[in-house]
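Asks: TrEMBL feature annotations, pasted as is:
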SIGNAL    1-31  signal peptide
DOMAIN    31-90  domain 'Sushi'
DOMAIN    92-156  domain 'Sushi'
DOMAIN    157-218  domain 'Sushi'
DOMAIN    219-281  domain 'Sushi'
REGION    273-342  region 'Disordered'
COMPBIAS  281-331  compositional bias 'Polar residues'
TRANSMEM  344-364  transmembrane segment
Amino acid sequence: MGLPRALTPPPPLLPLLLLLLLLLRPPAARGNCTFPPVVPNAQPILGDRDSFPENITVTYKCNEGFVKVPGKSDSVICLDSKWSQVAEFCNRSCDVPTRLLFATLKKSFSQQNYFPEGSVVEYECRPGYRRDYSLSEKLTCLKNFKWSKPDEFCKKKSCPNPGDLRHGHVTIPNDILFGSSISFSCNVGYRLVGAISSYCVLADNSVEWSDPLPECQEIFCPDPPEISNGLIYDPQKTYVYQQSVKYKCTIGFTLIGENSIYCTVKDDQGEWSGPPPECRGSQTSTVTPGFQKSTTANVPGTKATSAPQKTTTAHVPAKQSSAVPRATSTPKGRGTPGSGASTITTGLVAGTVIVILIIIKIFWHYGKSG
């Protein structure tokens, strides 16, 4: 007698049971890998991942102070529940070679980033510099993974001598090497036309000055001002710095102020040192000596004579005298202050002498007769 048909499981349930058994298998049985292997001097980049299914790839990064060795793999892959093999790919290295002001790395080293101990790099001069072959252009990665100290194997190129600036000065603060500058200035009385400075710059494979020498142009003053009733003594066509003009007045006028002004410079422009003098007429008319008319003073009761009076003697009493001073005329303008008083004094003295002589003669006459 056979089993009841109710005890036999229906055929559609078998695939479901098999799928359930497959899901309940351990992870290793599903083909997943364990945590990535340890690599010397490197760490795996995992992010937030905690499972590693079949065919997944994990990449490593080198620890600080280590650099990936060019050409070596830095990743592993999960195959058949196992990680692929990976060789040590991180090693100690010097940093990027020292950046030099006067030189750059040669192109063969410019893209390299792995410099193990003993590595040697070479430089070439920058534009504007020339090679000094007595010094090495190479640097070496030392045992302490520091670069050797570089020599200054490239020197600055020199610009040509700027020359002299006529009527001016060229100021060189330091030198005339690449990158330096010079300045220009003019003497007093001259105006600078052009650049006030110049720089030693690149010019193809050489160096030259950025600007040529300027020009110092002489500064002229405007025509000197004219004055009324006067003129400029020995006038010139042009007047430059410190050149002067002299003024003089026409006859009958007096010069007031300085008789000369001179050309000065202000803000690169010529101007006169001050205003010109003035020529003014006299307040009272002046008569030229030698053309003055003589005048005679008329004194009532007297007669003017130009010759001295003749002295006479007479036998008269002692109280009488015939010698009386006469008034004389003096041409107007020719006398001097006090000349009238001097004439009166002289007449009195002469009269006194005459009286004394008369008295002496009278006494002498009486003495002889008695």
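Backbone N, Cα and C define each Cβ position, glycine as well.
A quick note: this is a predicted structure, and the numbers were derived from the prediction, not measured.
Are these features on the surface or tucked inside, and what touches them?
Replies: The domain 'Sushi' (31-90) scores a mean pLDDT of 90 in the predicted structure.
Residue counts for the domain 'Sushi' (219-281) under DSSP, helix first, then strand, then coil, are 0 helix, 31 strand, 32 coil.
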Asks: What does DSSP give as the helix, strand and coil breakdown of the domain 'Sushi' (31-90)?
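Replies: Across the domain 'Sushi' (31-90), the residues distribute as 0 helix, 22 strand, 38 coil.
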